[in-house]
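K.L.:
Just passing along the structure, written as structure tokens.
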């Protein structure tokens, strides 16, 4: 008997688990198929979650009802807030994961999720009827039927590991690759590209001389990604910093001809922002040294990840490199680094919901869409799961805008601009980064998560209480006038401020650069009554109010452009006035509104003006079929 589901998820990596959980949590009967049940949420590369921009994505996933934040909060070995000396727009949390515990915890969550079924199996083929997906067929001929399918195959599609002059079919960490499914996507007409990524050697902790390295401890205060976490792991393990040197670079230079990167063996495009050590040596040969972070892979293993030493050089050369690095001279290499090539689809073949334009009800998420990173994958998986379930259950899909979330920036970049290399999310990619902060992800997205059925009533009530406390405290400080008495003047001067000439509202005093919420309470002779996250919001929203309001005005302008919809089936070849390049790009991307059209590379303001004229005159309808 053929089994039927609402949604099938192919793959159980970081995109797959979020897709499966989101679909199930929205009420869809969901099946997750994966090559190996023991590798659910596996971390084949760095054992970490978060960092600049990426850490904010993890907070956004949590605010929308996803899982990654909760799981890393329970299984990390270290957590640090980055960029604390800078403004709130670029602060981000980063955690070192216990990669085995992370996998185990995520597998437990998936097994306990109602509506989510998991099965070990390799999908070889999609079942398609009239350009609509109807299910999948495995390598042993088993068929599973569904109303929607989400492909989250990571780097497994026609995966090939490259090490020196060796090249062989493999998924990450020497797992089985998925070859036939990649061929099936080509046969269906998808435009496929070849990308490459890599990983460094792992060494035995017992053989490292840590006295020659610099300790990198975690923060000594409780940190968490999830807004629901209340218990913090304070027993943390340190990381360690060391460097390459002239000796290391000589080993690389002497053996560069053996690197698959430079021998011509690697055809795929590698990630610009995570280059291999040989690539760094060639591109930045004026630098006398490069940072290397020694990151423990967990509490119950001796394996240490040498962050920054990603390489495809032969194993014996990797050993020679390690022997030149302070602290690693006698290190025992437990796993060699390698490069991996894999297939990805050109992401402009997707709608902003992550549904493919070519095949109805077929979605893709994660590295198959050309991204790099666990967090980028998880964010896409979450949205694909939300949208696939919403479509088949008729409960609504959701497109995050660039002003809603970094996840919105990520997806819009992919489907509007595409990518010719593994895409990494950066704070510089977000034009509204002062709005898209680590601290306010819940204020931006919890309402949305609740409307989508991803947030419980209890959690939503707590969130609303927090929001009301923030608003009430800002109003309270706006009504309190501080007198310029000696008590006040002494505290202000003590903190580097200039004396008051007249009375001032507490909220206006807080706007001064040297003032903090703590100092205001000291002046008012009050005790702390609110949670730290509420106080943080009061301070940030007050100090940056002018900048935030400017950003919100820009958002409103874009929203007006987003309201100018473009029919999906518009035939741009009928609009004679458009430039040839614009016509080609618009036909490829099929933007849903004028705002998206304006972000397409090759579409200039004159082309947008022509589209606007057609919209206003109603001519778009006459050239649509």
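Any Cβ shown, glycine's included, is placed from N, Cα and C.
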K.L.:
Need a hand: Swiss-Prot gives 11, 12, 13, 14, 15, 16, 123, 178 for FAD, which of 349, 367, 468 is also on that list?
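P.N.:
Swiss-Prot lists 11, 12, 13, 14, 15, 16, 123, 178 binding FAD, and from 349, 367, 468 it also lists 367.
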K.L.:
State, in Å as a whole number, the widest CA to CA span among the FAD-binding residues 11, 12, 13, 14, 15, 16, 123, 178, 367 given in the record.
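P.N.:
Per the listed residues, the maximum Cα distance equals 18 Å.
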K.L.:
Report the same-chain neighbours of residue 13 (FAD binding site): residues 6+ apart in sequence with Cβ closer than 8 Å to its Cβ, ordered by sequence.
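P.N.:
When sequence neighbours closer than 6 are ignored, residue 13 (FAD binding site) has 41, 42, 152, 154, 366, 377 within Cβ distance under 8 Å.
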K.L.:
How many Å lie between the Cα of residue 278 (NAD(+) binding site) and the Cα of residue 367 (FAD binding site)?
P.N.:
23
K.L.:
I need the CA-to-CA distance for residue 284 (NAD(+) binding site) versus residue 367 (FAD binding site), whole Å please.
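P.N.:
With distance taken Cα to Cα, residue 367 (FAD binding site) is 27 Å from residue 284 (NAD(+) binding site).
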K.L.:
Pick out which of the binding-site residues 15, 123, 274, 282 has the most other Cβ atoms within 10 Å of its own Cβ.
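P.N.:
Top count of Cβ atoms within 10 Å goes to 15.
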K.L.:
How many Å lie between the Cα of residue 15 (FAD binding site) and the Cα of residue 274 (NAD(+) binding site)?
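P.N.:
That separation, Cα to Cα, works out to 20 Å.
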K.L.:
With Cβ-Cβ distance below 8 Å and at least 6 positions apart along the chain, what are the contacts of residue 276 (NAD(+) binding site)? List them in sequence order.
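P.N.:
When sequence neighbours closer than 6 are ignored, residue 276 (NAD(+) binding site) has 198, 259, 261, 270, 310, 311, 312, 339 within Cβ distance under 8 Å.
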